[in-house]
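As structure tokens, the structure follows; a few thoughts come after it.
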Amino acid sequence: MDPQLSPTAYSDLFKSETWKHTILFSFQSLGVLYGQLSSAPLYVLVTVPQKDFASEETVYGLFSFIFWTMTIISLLKYALLVLRADDDGEGGTFALYSILCRHAKVGLLPNDRSANEVMHYEEGSPYKTKVESRARRAIAKHKSSHYLMLFLALFGACMAIGDGVLTPSLSVLSASSGLGRSLSSITFSHSKTRQDKISKALKEYVPVPSACAILVCLFMLQHYGTHKIGFIFAPIVIIWLSFISGVGIYNIFRWNRHIFYALSPTYMYKFVMNTHVDGWRSLGSIILCVAGSEAMFASLGHFSKKSIKITFICLIYPVLVLCYAGQAAYISKNLDVEGFNHLSESVPRHFRHIFVAFSILASAVGSQATITASFSIINQCLALGCFPRVKVIHTSDKIHGQVYIPDINWLLMVLSLTVTLSFHDIVKIGSATGLAVVSGMLVTTCLMSLVIALYWEKNFLESVCFLIFFGFVEALYVSACMMNFHKGAWYLVVLFVLSFTVMLSWHYGTMKKYEFDLENKVSIEWLTDLSPGLGVSRVPGIGFIYTDIVTGIPAFFSHFVTNLPAFHQVLIFVSFKSLPVPCVHPSRRYLIGRVGHREYKIYRCVVRCGYRDNIRDSDDFEEQIIRSIGEFISLEENDSESLISPEGRMIVVGKPSPDGKALVPLEDSQSYVGSPNFMNDENQRSPTCETSERGFPPVKKKKVRFMLPPDSPKMRVSVREELQELVDARESGTAYFLGQSHLTVRDGSNFIKRFLIMTYTFCDKNSREPPVALNIPHAALVEVGMVYTI
């Protein structure tokens, strides 16, 4: 059973969404998407220095900025506009980039160069490119625009990762500081001096250790998946929202009923005109009120758009407005109280200890949105060739955006703990978080404006207006955040440099390897016509050769045959092509073609997958390819082009039906997966061929056997014979050939090139091994080493 949903199936799932499904998704989204927005009141006004609250009018100005920032960015931009630009249910900067890759031809990824060639065979695809327009031709013509869009996509991904590191630390530490204040208020000692010392010690030493403990627990829960975490965290968020909205209403009526006058934009104007440099810096903290809006879009693959919009508009937005209004009302009348800008101070004294307990839980939930968004973004980067190989676990068989990446989870945990222990200051962490939030939003604005013009095909003026309006608002906040560069925002730059270097190096190394393979591939004639003169023998069995190129023979396999002149009676060249689409429908997933004449029994299989597909880890992947080739053999007789084209026309073969048409699968049987036959003779090994065999004993594995269908006599004799040879070869055993590349840089190369290749090599050696990523049994693996000089 294929656990992946097709784009059509995904669309049908949410098009047929009933109100019960909407309520269910809305409930889960509370525990995953909206935790960060809901817990933002814990640290928005706390990170504003108390000296910047000069007067009551200043408080009105700050609240006015909070209200209009939430209205313009969270409500208008994201909930009403950006969520419409999903890539078949997937969101985030890379989803926008993949849309532009398909419809504006700006792809720079290696796989994109063959995407048109591969998609040429596909009919009835839901991802048809738009008709050429003047703007689209202009962008496709200028290579610099391609590099700029890739930079924006990588930059936005790095900001999302940085947010995933900083927000958990900020959110949990702000709640833990409330715990320290609460504990200090209940201490009792006969000596006032001693009591002051105890209170000071609790405020100073309790927040950081408790925050670290909460962070460890939070990241240890991630392996349960979005579905379970949503159900666990959603009740917490509901209780928290009810509590803070109630406190907000109480403070409005108790302290300042005129606080809603501050909704007038005139108070923002007065704040800008009357404030000084320090006051402008405080806007870098105000932008935190919309932290979580970008995660709402990036995590779109986890839930339906309908549930996200309804939950935000009907619940999150009005509750947060009431909460911030109540906090501003309290501050405006209590500027002389110690710690007046802490949310806990505005809570009635009888409920403060309950508030502390809820705030700690809410802060943990608030970190979930950015962690989930980080998983989604990295999964997209990985599939599009911009991130080192890591293990991706799909935690749901129905919603394929729900993923968990163990390596990234533990890395985020370590970095968040490092931030908490190093800074242990909410203001400094808030400065870095604010810059990460608004920078990611600015990238989305730039890419979204291009989507409006090139994909939605709206008037060019509409695209420009979107860019200018939202870009101007976000640019103002960027300027405010950059003024806090020395107060903690510099740490985000360090995170960006590290993550961007890894992504850029991986993309550069992957691109150079692909170009080397294209330049050094061997013609089909070399293998089919010249190899008999080299004394090459055919041995029983099937050989799978994994390669990135879709034409010709890869250099590493010709290197292998030259030094060890033997290969299997059936050869299958397998290529994975990650297309810039979320999913490829199973009926259009496999492209099967023939290499050389029929008697050579050499086939090519191009497996097309989107960045949300997960087919390489499938245990029955080998069986799917063999059955697809069987379907190809039976269909080929009716395709005249396939018989006259030089390398054989590639035919789209969908996932075969369980009963099979050309090959019928039998019951699973126990089989030993071992090394290929010709590798058992030690005397045939060549010292010049760097062939790696793992010293693992044969592994007992479930193996599906095949037979011809009962009505096989109706088949043509040639088709029946070829299918029988395929079945016999499968029974003889299977071997997997994989190129093991070693990149070296030519003498005289500049420092940047050397550094990028060195970083790529380091990541390649320390990332997930290709055989593991492809689910290849070690005992049947043959790795052929090649030196790539670039």
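A Cβ is built for glycine as well, from the same backbone N, Cα and C atoms used for every other residue.
TrEMBL labels come from automatic prediction, so no person has curated them.
Quick look at what TrEMBL annotates:
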- 674-690: compositional bias 'Polar residues' (COMPBIAS)
- 26-528: domain 'K+ potassium transporter integral membrane' (DOMAIN)
- 544-790: domain 'K+ potassium transporter C-terminal' (DOMAIN)
- 674-695: region 'Disordered' (REGION)
- 23-46: transmembrane segment (TRANSMEM)
- 58-76: transmembrane segment (TRANSMEM)
- 147-166: transmembrane segment (TRANSMEM)
- 231-253: transmembrane segment (TRANSMEM)
- 310-331: transmembrane segment (TRANSMEM)
- 403-423: transmembrane segment (TRANSMEM)
- 435-456: transmembrane segment (TRANSMEM)
- 463-483: transmembrane segment (TRANSMEM)
- 489-508: transmembrane segment (TRANSMEM)
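Under the criterion of 3 or more C-beta pairs below 8 Å, with sequence separation of 6 or more, the transmembrane segment (463-483) and the transmembrane segment (23-46) do not qualify as touching, having fewer than 3 such pairs.
At the 8 Å Cβ cutoff, the transmembrane segment (58-76) and the transmembrane segment (489-508) share fewer than 3 close pairs (sequence separation 6 or more) and do not count as touching.
The stretches the transmembrane segment (231-253) and the transmembrane segment (23-46) are in mutual contact, each linked to the other by at least three Cβ pairs under 8 Å (pairs 6 or more apart in sequence). Count of Cβ pairs under 8 Å against the transmembrane segment (435-456): among 147-166, 310-331, 403-423, 489-508, the largest is for 147-166. Here the transmembrane segment (489-508) sits against the transmembrane segment (147-166); at least 3 CB pairs are under 8 Å, leaving out pairs fewer than 6 apart in sequence. Over the domain 'K+ potassium transporter C-terminal' (544-790), the average per-residue pLDDT in this prediction is 73.
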